[in-house]
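As given in TrEMBL:
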REGION    24-81  region 'Disordered'
COMPBIAS  29-41  compositional bias 'Low complexity'
TRANSMEM  92-121  transmembrane segment
DOMAIN    166-260  domain 'Late embryogenesis abundant protein LEA-2 subgroup'
Amino acid sequence: MVEMGLLDSFKQSKVMRYTKGDRVHPATISDSPSPSIRSSSTAVGTPSKLPPGKKEEAGPMGWHKAGGFPNPPLPPPVTYGRPRRKSSSCSLCYCFSFFFSFLVILLILAGLTVFIIYVVFQPKLPKATIQNVAITKFNLTNRSGGPLKTLADLKNPVLNANIAFTIQVENPNEKLGIHFRDVSVIVAYNGTEFAHSFVAPFFQGKKTTSEVVANLKASSAPLSESQGKELQIAINQHDIPLSARINVGAALQIGSWVIPPGHIHVACNLRASSPTAPQGAKLLSKSCKWLR
C-alpha cells in the first residue's frame, strides 16, 4: 500500500516552474487524488500547501522544507565583454633569452679569437726609451723682464728651453707589425711640467728598431721662486735634473687586420749638462721604467 501511495503521489505531485528570484513553486495538477490516497501520500512526504503569505524556505542540502523537493541547479553565470589580451611578458622573456644567448656566444667567440692569436703569434709589447737629449736653449728670466744677475733677482722666474729627445722604439715581435699612434713626450723639473710634444704616427715592421725625435719648446714656463733658484744653481753647475714621460699608443697588425691600440707609458729620470757647459749640452745619465 505504501508503494502504491508513493507512485500515485508522484503522479499527482506539483509541477516545477521558475518564478522571479529563481525560486521554485509548485503548481497543482488538475486531477485530484482520492481522499484515501491523499492521506497516505501526505504521510510519506507529499508536499503540503503553505499558508497564505508565507514564503517557502529551503531546507538542508538544497531541499525545500515544505515540499521536500531539491532545488534545481542554477545556470552558470555568463560574462559578456571583450576577450582578454595575451600578456606580452612571454615575448619579453623570449627577447631577453635570445639577447643573452647571443651575448654569451659573442663573448665565447671573442675569447677564442684572442686565445688563437696569442698561441699562434705570441704578441709582445713594444719597447721605448730615451736614447739621447739635445738642449739648445735652457735659461731662466724674470716674468717682468728685469735683469737677472744674482739669485736674489729671481722673483717670478720663468723658463725658456729648446730640447730634442731621441726616442728609441723596438718591435720585438717576429710575426706582427706595430702601428705607433699618439706618441707624446712630457718633460718636467721637480714635478712641474714645462713642455710637451707629439710625434707623428709611424709603422714599424717585424723585429725592427727605429728612432724618432720629439722636439719640445718651453716659452716663459712659470716656476716657483724656490724652484727657480734651485734650477739656476743646477744650470751654473752644468748638471740639470729632468724627468720625462713617454706615452705610446700601439696597435698590432696581423695581415690586413689591425687590432685596436693599447697604451704603454715609460717614465725616465735624466741628468743633462747645460748649453753653457765646456763640453756643451749632452745626456749625462738616464733611468727608465715601465708604468702600469
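Cβ coordinates come from backbone N, Cα and C, glycine included.
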Helix, strand and coil residues within the domain 'Late embryogenesis abundant protein LEA-2 subgroup' (166-260) as assigned by DSSP: 12 helix, 62 strand, 21 coil
Overall pLDDT of the domain 'Late embryogenesis abundant protein LEA-2 subgroup' (166-260), taken as the mean: 92
